[in-house]
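Feature list (source: TrEMBL):
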- 35-56: transmembrane segment (TRANSMEM)
- 36-156: domain 'EamA' (DOMAIN)
- 62-79: transmembrane segment (TRANSMEM)
- 91-111: transmembrane segment (TRANSMEM)
- 117-136: transmembrane segment (TRANSMEM)
- 143-161: transmembrane segment (TRANSMEM)
- 167-186: transmembrane segment (TRANSMEM)
- 169-304: domain 'EamA' (DOMAIN)
- 198-218: transmembrane segment (TRANSMEM)
- 230-251: transmembrane segment (TRANSMEM)
- 263-282: transmembrane segment (TRANSMEM)
- 288-305: transmembrane segment (TRANSMEM)
């Protein structure tokens, strides 16, 4: 099963390492222990959710997404070359991930708090497995199915308890975004001969013009100084440079060096980082229901990951 990591967060599995250029081992410090660099990546991605929320306080989600991917295409321009036979598949993936996933994600984050966002984001990998189960006939054990149900209940229950319409709407957008992301994972399988940074470049090249069009058609043409404030500009640069480029690159180096099974478990720490960042950066608070729901979701996703490993180790397990 292959998971495609988005620029706001990262979830990948098994065969993804095949698309990494194994000859590039310049980050030698990754060879000793994955703990520090893995924690660095998780911290970057955890804070990234809050940075997006900071940016969309001044920018519209469409403008933020447009600027984010415009800058990304500039930084990743050297990685633009793709084989002619792969162009059609890359275009389809770019539409799915850029417009279907990232634009909707930005809209969702303008409604929900960081803790709610983190809980739904962590469901990304199990949702991808569920999509593969229905469309590719890939196997899920009964334990994995049960863990997915419990994880979803842990994430959704606090939202229902709050009874705030805009949070519910934002949560629906989040779930839609993660579901589209899951379908994007299926498309990645067709283009596993292309480097991740090249895919990111083309996602940006396709998404930026569309989002600029949406922004101008939307009519929210405020003066530039009201939109490109210091905090929104710095937040956007953080998302591009730290999350989409640095953390993304480090994550693939870790996977290539230490293997997926030794690295993926660190993603369970991301909700804690996001919640703490939301408290420190956005002055957000979280309720007891959210705390309990978060713990339930994280434990259930942990069981989901380990149930898959158990299935590989013991074919009789179901």
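Positions of Cβ are set from backbone N, Cα and C atoms, glycine also.
Model, not experiment: these values are computed from the prediction.
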So how many of the residues in the domain 'EamA' (169-304) end up helix, strand or coil by DSSP?
-> 118 helix, 0 strand, 18 coil
Among 117-136, 167-186, 288-305, the most Cβ pairs under 8 Å with the transmembrane segment (143-161) come from 288-305
So how many of the residues in the domain 'EamA' (36-156) end up helix, strand or coil by DSSP?
-> 102 helix, 0 strand, 19 coil
Near the transmembrane segment (91-111), which residues from the same chain, at least 6 beyond its ends, have a CB less than 8 A from one of its CBs?
-> 4, 6-8, 49, 52-53, 56, 61-62, 64-65, 68-69, 117, 166-167, 169-171, 173-174, 176-178, 180-181, 183-184, 187-188, 191, 199, 202-207, 210-211, 214
Cβ under 8 Å to the transmembrane segment (288-305), counting only same-chain residues 6 or more beyond its ends: which ones?
-> 115-116, 118-119, 122-123, 125-126, 129, 143-144, 147-148, 150-155, 157-158, 161-162, 264-265, 268, 271, 275
Which listed stretch (35-56, 62-79, 230-251, 263-282) has the most C-beta pairs under 8 A with the transmembrane segment (117-136)?
-> 263-282
With Cβ distances under 8 Å as the criterion, find the stretch in 35-56, 62-79, 263-282 that has the most pairs with the transmembrane segment (230-251).
-> 35-56
